[in-house]
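*Asks:* Not my notes, these are from TrEMBL:
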type: BINDING; residues: C:48; note: NADP(+) binding site
type: BINDING; residues: C:125, C:126, C:127, C:283, C:298, C:299, C:300, C:301, C:302, C:324; note: FMN binding site
C-alpha cells in the first residue's frame with residue numbers, strides 16, 4: 001500500500017490521473033444490505049465538479065459515476081464496490097509545456113525526485129481530479145452514517161481575509177452561494193475579494209469548517225488512532241490543506257485550563273458538556289457533543305502572474321501559467337472534506353464494534 | 001490493531017497504564033545492524049521525565065529503560081525490540097477519588113462510554129505516561145535517521161501568549177531553560193506567566209515547533225499517506241495536541257498564491273526553493289528543504305481551581321483536583337513530538353525504498 | 001479490508017462478479033520505471049481463459065485487459081495501476097434457477113449466511129472469474145521478478161489418480177497438452193480419465209506443483225510472515241484449493257530427522273544444499289535453493305449428476321447442474337497459482353528491503 | 001511489521017529470543033470486559049512447557065506468565081495486554097559452538113543471509129521458545145471464543161508412520177499420554193517407535209489434527225482472506241510445519257465431484273451437511289459444521305547422529321548436535337496449533353462484525 005489506500009475496515013483504493021482514461025475507487029468492506037445507486041454517488045460528485053461558477057476552472061467535466069460491482073438489486077452485497085468515472089475533457093496540449101519545468105507550489109519536482117519521471121499531463125496523479133475517487137467513496141460512507149443517525153456538514157469559514165460571522169451563521173445559506181459559506185454577506189465580500197485577486201492574476205486560499213452531529217459517545221481509539229488524529233490525517237491528505245484544528249485548536253494553546261476545560265453537566269438527559277472547546281473529542285474518543293474542526297487551504301498555486309522557477313535542465317527561467325485553473329479551490333474542497341470525514345468516521349465506528357465483549361456477544365453470541 | 005500500534009514498516013506497539021506494573025513498547029521492523037544500547041533510549045526518556053523543574057509535576061519516576069530483546073552484542077538483530085520501563089512511584093491513593101466522577105478535559109467519561117469501565121488510577125492508559133513507549137521507540141528511530149544524515153529538533157514556540165522572537169532564535173539555548181525555548185528572554189517571560197497561572201490554581205498551554213534537516217527529496221506518498229498527513233496524525237495522536245500546521249499553515253489560508261508559492265532556483269547546487277512557506281513538503285512528498293511544522297498543546301486539564309462536573313451516578317458536583325500535576329505540559333511534550341516525528345519519517349523512508357525499480361535492483365538485483 | 005486486498009507493499013485490490021459489468025484489480029505499490037503494456041497482462045489472462053480445450057467450460061469470454069491508470073509512455077509511474085476486464089458473455093438466464101437453492105460444494109449457502117443475500121448470477125463474487133484480477137496483477141508481479149532474475153513455473157502434478165513421473169519430467173511439454181502436465185504420457189492418461197468422468201456426469205480434481213528458481217537467499221520473515229506461511233495463504237485463497245505442501249510436505253511428517261535434513265555443502269561456489277526436502281525455505285526464509293510447493297485442487301463441485309440439497313425455503317430437493325462448467329478446473333488454476341506466487345514473492349522482497357541497515361543506506365544513504 | 005505481528009483486529013506482537021531476558025507478547029484489540037487472570041494463560045503455557053515427558057527436551061523452564069497491563073480488577077480494559085515470560089534456564093555455553101556453523105534443517109544460514117548476523121544462542125528468535133508469545137495470546141483468544149460457544153481441540157494424528165484409528169478415537173484419552181493422541185493404543189505404538197529413533201540418535205515427525213466445534217456459519221472472507229487460507233498461514237507460520245490440509249485435503253484432489261461434494265439436508269433443525277469433506281468451510285466462509293484441518297510437522301532437525309554441513313568460513317565439516325533437544329516436537333506443538341487457530345478465529349469473527357448493515361445497527365444504531 002503505497003498510500004493510495006485509506007481505511008482499515010471500510011477500505012478504499014483510489015486510482016487515476018488527470019488525463020488518463022479515467023479515475024475511480026474500489027471500496028472493500030462496505031457492509032451488505034445498504035441501499036445504493038449511482039445517483040447517491042453522483043450527488044456528491046456534482047458538488048466537486050468544475051465549471052459551476054466564475055470562481056472555478058472553466059474546464060467542463062461530465063464526471064459521471066458508474067458502479068461496476070458490489071451492488072445487486074439496489075443493495076450492496078458486501079463485496080468490493082468498484083466505481084469508475086471516465087475522463088472526457090482532457091486537452092493534453094494545454095499541459096505539454098509543463099513537462100519541461102517545475103511549477104512552484106505543485107508536486108512536479110517532488111514526483112520527479114521520488115519516481116524518476118512523471119505523467120505531467122494536468123498534474124497526473126497529483127491533480128485535484130484525484131479526489132474524485134475519495135468523493136465517490138465518501139458518498140457511500142455518508143449513506144452508512146445516515147443509517148445510524150450521523151450527519152456531516154462542511155462549509156467555507158473564510159476566503160482570504162473574509163471570515164463568516166457567528167451572528168449571521170445560516171446553514172440554509174450554504175448551497176446558495178458559490179463559496180458554500182453559511183453567511184450571505186461574507187459570501188458577497190468573498191466574491192469581491194476573489195474577483196480582485198483574479199484581476200491581479202493571483203489566487204486565494206481559505207478555511208473550511210466541518211461539524212458532525214449525531215455522533216455517539218465512545219468512538220475512536222485511545223492511543224495512536226485517536227479520532228482527531230485520524231481526522232487530521234484524512235484532511236491533511238487533501239492536496240492543498242496545510243493546517244488542522246480540533247475545536248478551539250491553536251486558540252486553546254493560548255487559553256488557560258479553567259477557560260479551555262468543558263464542564264460536564266446533567267440537565268436531566270444524561271451527561272453533557274456545557275461548552276465544546278474540545279471539538280467533541282476527549283482523549284481521542286468522541287464525547288457525544290458535535291465534532292468540530294477546521295482545515296486551512298492554501299491559495300491555488302497555478303497563477304497567471306510571472307513566477308521564477310527551474311526547468312529540467314536546471315536552468316533558471318520565468319513562467320506564467322495559463323490554462324483553465326481555479327482561482328480559489330476552497331469551495332470545491334468542501335465536499336472533499338466531508339468525504340474524508342465520512343470515511344474516517346465509518347472506519348472508527350467499525351473498529352469500535354469489537355471494543356467490548358457485550359458488543360461481540362450482540363453480533364456473535366448465542 | 002485497536003490503535004496502540006503505529007507504523008507499517010517500523011511498527012511500534014505500546015502498552016501500559018499510569019499505575020500498572022510498567023509501560024513499554026515492542027518495535028517490529030527495526031533493521032539489523034544498528035548499534036543500540038539502553039543509554040541511547042534513556043537519553044530520550046530523561047527528557048520527558050517528570051520532576052525536573054518547578055513547572056512540571058513533582059512526582060519522581062525513575063523511568064529506567066530495559067531492553068528485553070532484539071539486540072545482541074550491541075547491535076539490533078532485525079527481530080522485535082522489546083523495551084520495558086517499570087513503574088516505581090505509583091501512589092494509587094491519590095487517584096481513588098476520581099474513580100467516582102468525570103474530570104473535565106480528561107478522558108474519564110469517554111473511556112467509560114467506550115469500554116464500559118476504566119482503570120482510573122492516574123488516568124490509566126490515557127495518562128501522559130503512555131508516551132513513554134513512544135519516546136523509547138522514537139529514540140531508536142532517531143538513531144536510524146542519524147545514520148542517513150537526518151536531524152530532528154523540536155522546541156517550544158509559545159507558552160500561553162508568550163512567543164519566541166525570530167530575531168532572538170538561538171538553538172543552543174533550548175536545553176538551557178525549563179521551557180525548551182530557543183530564546184532566553186521569551187523563556188524568562190514564560191516563567192513569569194506560568195508562575196502567575198500556578199498561583200491562580202490554573203494551567204497553561206503552548207505551541208511546539210519542529211524542524212527536520214537533512215531530509216532527502218522524494219520521501220512521502222502522493223495520495224492518502226502524504227508525509228504531512230502522516231505527521232499530522234502522529235502529532236495529533238499525542239494526548240493534549242489540538243492543532244497542526246505545516247509550514248505557514250493557517251497563515252497560508254490568508255495569503256495569495258504569489259505570496260505563498262516558493263520559487264524554485266538553481267544557485268549552482270541543483271534545485272532549491274527561495275522560500276519555504278510549504279514547510280518542506282509539496283504534494284505530500286519532501287522537497288529537500290527543511291520540514292517545519294507546529295503543534296498546538298492545550299493547557300493541562302488538571303487544575304486546582306474549583307470545577308463543575310458530573311459523577312458516575314449522574315449528579316452535578318463541584319471538584320478541585322489536587323495531587324502532583326504539571327501546570328504546563330508543553331516542555332515535556334517537546335521530546336514526544338520529536339519521537340513521533342522520527343517514527344513517521346523512518347516509516348516513510350522504508351515505504352519509499354520500493355518506489356522505483358532502480359532502488360529495487362540496488363537491493364535485490366544481480 | 002474485508003479480504004479483497006492482498007499484499008502489504010505490492011498491494012492489490014480485486015473486484016467484480018461473474019455476471020456484473022466486469023472484473024478488475026487496482027495495484028498500489030508497483031515501483032516506477034517498470035516497462036508494462038496490456039500485452040504483458042493479456043498473455044497471462046489468456047492462460048486462464050475458458051473455452052480452450054474440451055476439458056474446460058465451453059463458455060467463451062474475450063477477457064481483454066485494459067490498463068486505465070499508472071502507466072505513462074510505456075512505463076509504470078509508481079501510482080496505482082487499474083486494470084479492467086469487461087464481462088461480455090454473461091447468460092444470466094443459465095443461473096436464475098440457482099437463486100432458489102444451495103449448490104453442494106459451492107459458496108451459495110455460506111454467502112447467504114454471511115451477507116443475508118447474494119448476487120447468485122454465475123456464483124457472483126465466488127465464481128472462478130474472481131481470479132481474473134489476481135492473474136492480471138500477477139502478470140505485473142512476474143515482470144518485476146524477471147527484472148531481478150526470478151522465474152516461476154507451475155504445472156499439473158496429478159489429475160485424479162494420474163500422476164506425472166519424475167523420469168519423464170519435461171518442462172517443454174507443459175504448454176503442449178490441455179492439462180499443462182510436464183509429462184506427455186501422463187497427460188494422455190489424464191485425458192482418458194477425465195473423459196470417462198465427463199461421461200459419468202462427474203468431475204475431477206488434481207494437484208498443482210510450483211517451482212521458483214533464481215530466488216536469492218534471505219527473503220521472508222522469521223515469525224508469522226514466514227515465506228511458506230504466506231505462500232500457503234496465497235494458494236489456499238484460490239477457490240478450490242484444499243491443501244498445501246512445502247517441499248516434502250506431509251511426507252516429511254513420516255520421515256526421520258536424518259532423512260529430512262538437507263546437508264549444507266560447499267562445492268566451491270558458496271553454501272548449497274545437497275538435497276531440497278525443505279522446498280527452499282528454512283525458518284520461513286528462502287535458502288537460495290528452488291522453492292517447491294504443491295496445492296491440492298478439489299474436483300469441480302458443479303456436476304450434472306443428481307445431487308441432494310436444500311432450497312431457500314428449507315425443503316429437501318434433488319438437483320442436477322447443467323450449463324457450461326469445467327469438468328476439471330486444475331489446468332486453468334495453474335496460472336492462478338503462478339500469479340499468487342508472484343504476488344507473494346514481490347511482497348516478501350519489498351518487505352525485506354529494510355531488513356538491514358546496509359540496505360537502507362544503499363537506497364537513502366549519503 | 002516485519003512479521004512478528006499477527007491479526008488485524010485482535011492483533012498480537014510477539015518478541016523474544018531463546019536465551020535473551022525473556023519472551024512475551026502485546027495484544028492490541030482485546031475487547032473490554034473479558035474476565036482474565038494469569039492462571040488462564042499459565043494453563044496453556046504449561047501444555048507447551050518442556051521437560052514433561054521422556055520424549056521432550058530435559059531442559060526445565062518455569063515459563064511463568066506475568067500480565068503487565070490491560071487487566072484491571074480481574075477484567076480486560078480494552079487497552080493493550082502485555083504478557084511477559086522471563087527466561088530462567090539458559091545455558092548459553094551449550095550453544096556457543098553453533099555460532100560458527102550452519103545446522104542442517106535450522107534457520108542459522110537463512111538468518112545470516114537475511115540479517116548479516118544472528119543471535120545464535122539456542123537458535124535465538126528461530127527457537128521454538130518463540131511460540132511462548134503465541135500460546136499466551138492464544139489463551140486469551142480461547143477465552144473470547146468460549147464466551148460465544150466455540151471450542152478448539154487439537155491432538156496428534158500420527159507420529160512417524162503410527163496413525164490414530166477412527167474406531168478407537170477417544171477425546172478423553174488426549175491428555176493421558178505423552179503424545180496427546182486420542183487413541184491409547186496408537187500412543188503406545190508411537191512411544192515404541194520414538195524410543196527406537198532416539199536410540200538411533202534420530203528424530204521423529206508427525207501430523208496434528210484440529211477440530212473446531214460451535215462455529216457459527218458465515219465467518220471468513222470470500223476472497224484472499226478465506227478462513228481456510230488464514231488458518232493455513234497461521235499453522236504454516238509455526239516453525240516445523242510443512243503442510244496443511246482442510247477437510248479431506250490432498251485426498252480431495254483424487255476424489256470425484258460426486259464423492260467430494262457434501263449434500264445439504266434439513267432434518268428439521270435447519271440446513272446441515274450430510275458429510276464434511278470440506279472441513280467446515282465453503283468458499284472461504286464457515287458453513288456451521290465442524291472445522292477440521294491437519295498440519296504436517298517435520299522431524300526435529302537437531303539430531304545427535306553425524307551430519308555434513310558448512311561452517312561460516314565456507315569449509316565442509318561434520319557435526320553432531322548434542323544438548324537438550326526434543327526427539328519429537330509434535331506433542332508440544334499441539335497447543336501451539338490450538339493457539340494459532342484461536343487467534344485466527346477471533347480475528348475472523350471481529351472482521352465479520354461489520355459485514356452486514358443489520359449487525360452495524362445492532363451495535364451503533366438508535
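Here the Cβ of each residue, glycine as well, is placed from N, Cα and C on the backbone.
Annotations in TrEMBL come from automatic prediction, not curation.
I'm curious about the neighbourhood of these features; can you describe it?
*Replies:* In sequence order, C:63, C:131, C:132, C:135, C:332, C:333, C:335, C:336 make up the list of same-chain residues 6 or more apart from residue C:48 (NADP(+) binding site) whose Cβ falls under 8 Å from its Cβ.
Taking all protein chains in view, 30 other C-beta atoms sit within 10 angstroms of the C-beta of residue C:298 (FMN binding site). According to its DSSP assignment, residue C:298 (FMN binding site) is coil.
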*Asks:* Would you identify the secondary structure of residue C:127 (FMN binding site) according to DSSP, in three states?
*Replies:* coil
*Asks:* Return the count of C-beta atoms lying within 10 angstroms of the C-beta of residue C:302 (FMN binding site), excluding that atom itself.
*Replies:* 24
*Asks:* Looking only at C:127, C:300, the binding-site residues on record, which one has the least crowded Cβ, with the fewest other Cβ atoms within 10 Å?
*Replies:* C:127
*Asks:* At a CB cut-off of under 8 A, do any of the binding-site residues C:48, C:125, C:298, C:302 come close to chain A? List them or say none.
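*Replies:* From C:48, C:125, C:298, C:302, the ones near chain A are C:125.
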*Asks:* Among the binding-site residues C:48, C:127, C:300, which ones place their CB within a distance below 8 Å of a chain D CB?
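*Replies:* Cβ contacts with chain D under 8 Å: C:300.
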*Asks:* Once near-sequence residues are set aside, which residues in the chain of residue C:125 (FMN binding site), 6 or more away, have Cβ atoms under 8 Å from its Cβ?
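*Replies:* Residues satisfying the criterion: C:16, C:17, C:18, C:111, C:119.
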